[in-house]
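Asker: Sharing a structure with you now.
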Amino acid sequence: MSRYFGTDGIRGRVGQGLISADFVLRLGNALGRVLAQGRDTRPMVLIGKDTRISGYMFESALEAGLVAAGADVQLIGPMPTPAIAFLTNTLRADAGVVISASHNPHDDNGIKFFSAMGEKLDDATEAAIEAAIEAPFLTVDSEYLGKVKRTRDAIGRYIEFSKASVSRGFTLRGLKLVLDCAHGATYHIAPMLFRELGAELVAIGVDPDGLNINAGVGSTHLETLAATVRESGADLGIAFDGDGDRVLMTDAQGRTVDGDDLLYVLARAWRASGRLKGTVVGTLMSNYGLEQALGTLGIPFIRAKVGDRYVHQALVESGGVLGGEASGHLLCLDRATTGDGIVSALQVLEVLRHEGLTLSQALLGLHKVPQKTVNVCWSGPARAAVEMPEVRQALVEAQAAVQGRGRVFLRPSGTEPVVRITVEADDVVLMQQTLDRLADVVRDAA
């Protein structure tokens with residue numbers, strides 16, 4: 001088991017444990033040493049971040065650790081996580097680093113890494129970095145220290161990349177959209193891009209102050225987006241999370257359209273156009289209604305473990321190009337190397353424009369089973385929850401209650417100190433009662 005890396009890099013409360021300036025300094029130094037192995041030239045690393053105030057501190061710490069190890073650094077500033085993945089590849093960097101805690105509040109932060117190809121690091125590289133953290137800090141001789149510069153054209157590069165993900169004739173003229181950028185990394189680039197494509201735009205969550213990222217806005221607070229869509233008479237709403245790798249939507253009535261819904265819209269249209277390849281990949285948490293709807297269309301569907309890295313792995317192994325999670329992590333591997341909220345939104349909008357459908361019309365063939373997830377805070381290691389006898393017994397009873405009619409999942413979060421409980425059943429009352437009973441047991445055990 002990894003000592004430092006979770007399912008999405010390293011994440012936690014600022015100033016505590018691993019998310020401290022001294023640890024991030026050592027982390028940067030470890031990355032620089034791993035990248036420098038077996039080469040005569042200085043490695044080059046891109047650093048991007050979201051808008052939380054602690055990003056300045058960790059940017060400086062990473063920069064210092066990398067430079068001390070003899071690595072050059074390019075500072076990108078606030079940019080979506082997938083933009084850093086793209087830029088790492090196109091600028092021929094040896095690695096990319098993103099300082100972000102995604103959808104978490106401002107007092108959390110984290111570190112994500114990308115390989116030279118713009119993909120998440122493999123387990124072997126993560127293990128090498130962890131081993132290097134335990135080794136003594138290295139400061140190379142002065143003449144071998146790394147150099148630092150700021151990249152000035154990152155925004156333009158990423159906008160052109162995003163526009164290239166749709167057909168040249170694609171336009172949003174005549175469409176009114178509400179865009180919620182969560183006061184996060186997409187706050188400047190997403191409105192610019194969607195306006196360039198011709199949309200009439202109402203933008204919210206675009207005034208970051210370092211402390212308000214994800215606060216009442218973004219993909220984890222769709223009520224703000226839904227209300228704005230209804231009040232403005234928009235055709236639909238689009239919400240990103242704090243670092244821009246997730247996207248969720250609302251239709252014109254403000255109804256939530258999650259990642260399972262968006263997967264269906266894309267899979268159905270791509271199959272008809274011939275773009276869909278291989279298997280569509282969801283996760284263990286994907287709604288059973290999605291699996292049924294895709295099966296009706298003759299589209300193969302498999303489930304990976306929860307986490308976009310596992311979805312990516314399953315897509316590569318199966319030769320697929322489309323996968324994702326209900327949370328809004330969508331992978332369109334024929335367009336981007338990682339989950340990209342902006343690119344995914346453009347793919348959905350391109351389908352709607354091509355077919356002449358509203359978002360609600362595009363979802364008429366999908367009938368989801370009632371499903372609900374609750375998060376129970378857990379003070380200690382969340383993994384311990386699933387091993388407690390009373391919790392295991394309650395889980396067995398919950399699964400028996402919905403046997404033949406639904407599913408129950410209990411899992412520790414890989415990114416937060418919570419236990420996630422999901423119940424799915426063909427009857428909403430059965431679903432809610434089963435969820436409440438299991439959640440009460442977990443809360444009492446916490």
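Glycine is no exception: its Cβ is also placed from the backbone N, Cα and C atoms.
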Asker: Need one residue: from Ser102, Ser379, Ser413, the one Swiss-Prot lists with Asp241, Asp243, Asp245 for Mg(2+).
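Answerer: Looking at Ser102, Ser379, Ser413, the one Swiss-Prot places in the Mg(2+) site next to Asp241, Asp243, Asp245 is Ser102.
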Asker: Could you say which of the recorded positions Ser102, Asp241, Asp243, Asp245 has its Cβ with the most other Cβ atoms inside 10 Å?
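Answerer: Answer returned by the neighbour count: Asp243.
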Asker: Would you kindly give the Cα-Cα distance separating Ser102 (active site, phosphoserine intermediate) and Asp245 (Mg(2+) binding site), rounded to the nearest Å?
Answerer: 8
